[in-house]
C-alpha cells in the first residue's frame, strides 16, 4: 500500500507548538543537569532515576506543564504537541552509526529533557524486543538499511500507529531532535483521526469499525516479526471521538470491503497531514491512540553528523502491563513470551503473583 504524500508540504504544527525562550531553556538545562549528575551512574531503567526525571519536570514553565497535561487528558485535533527550543546537551557526541549511543550519561541533559516531558503525559515504557529494551532509543540512519520500514531507514516511512500490534502499545510517543537531516528537508508527519474523520464516507467509517484487519509485527521486533495479530478494527470507541489503529506497511485487510475502506482512509490522510522539519531542540509528542505518524525521505551521509532523533514511549496506565514486566522494570517481556493476545493471561499472572 506504499505511497508517499505528493505536492505541497504538510500543514505546519504552529497552532500546537510551544516555543521556549532562550532564558527558559537555559534555566531548565541547569536544573536537568543537576538531577542528571546526582544519578550519573544509575541505569536508565531504575525507579529512582525515573522518579527524579518526573520531579525534574517541575522546572518546565507552567504553560508547558499545563499544555502537556491537557494533551494527556483531552488530546487535540492534530494528535500532536510540539515543544520548540527544548534543552539538549551543548557538546553532542557523533551520531551513533550502529543505532546505539551507549550510556545515557553521555547526553544527560537531552535524556532528562525527554524523560521529564514524557513523564508529564504518562509513565515511560519500553519493549525488550526493540532496541535491546532501551527506554530511550536512538533513531538514526544505518548504512545498509536505507530501504527498511524502520527507524534505521531513510526512505519514506509509511504512516503507522507505533507498535500497534502490541497488547500494550504506547499511548504517547516523544521524539527529540538532536540533529536535523543535512538538507533540512525531511518532515515528520502526523495524521490525526479528528481531522481525517470528516473526509470519510459513512460507508468507510462503518467498514473501518469492523474487525476485518490484521497487523504483522514490525521487523524491528526481531524474533517476533513473524507474528500476526488477531483481527482488529481501525476505528473504535465513541462515534465522535474514536481511537485509531493503522499501519500502511504491515496492516492487511481481510475482506474486499476492508481493502477499499483502508485505501479511502489512506487517501484522506494524505490530504490531511500535519508536519514539521524537526530541528535541534524540537520535541514532538504524538498521541498514539488518535494519530498515525511517518516521515518523508532524507539523504544520509553516514558520516557521524547525520539526522539524530531520540524516541521514548509513555503509557497512561502502567499497571496494566505489570504482568509482563519484571518487578521495578519498565521493559515489557518479548512478544515471543507474551504473545499478541495476552490480556487474559496477564490478568491471571497478576492476580496469582
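Cβ coordinates are placed from backbone N, Cα and C, and glycine is handled just like the others.
Every protein chain shown contributes to the tally, and the Cβ of residue 160 (Fe cation binding site) ends up with 21 other Cβ atoms within 10 Å. Under the heading Fe cation binding site, TrEMBL lists 160, 162, 293.
The annotation domain 'TauD/TfdA-like' is assigned in TrEMBL to 256-312. Residues of the domain 'TauD/TfdA-like' (256-312) grouped by DSSP class, helix first, strand second and coil last, total 15 helix, 18 strand, 24 coil.
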Tell me which of the binding-site residues 162, 293 sits in the most Cβ-dense spot, judged by other Cβ atoms within 10 Å.
293
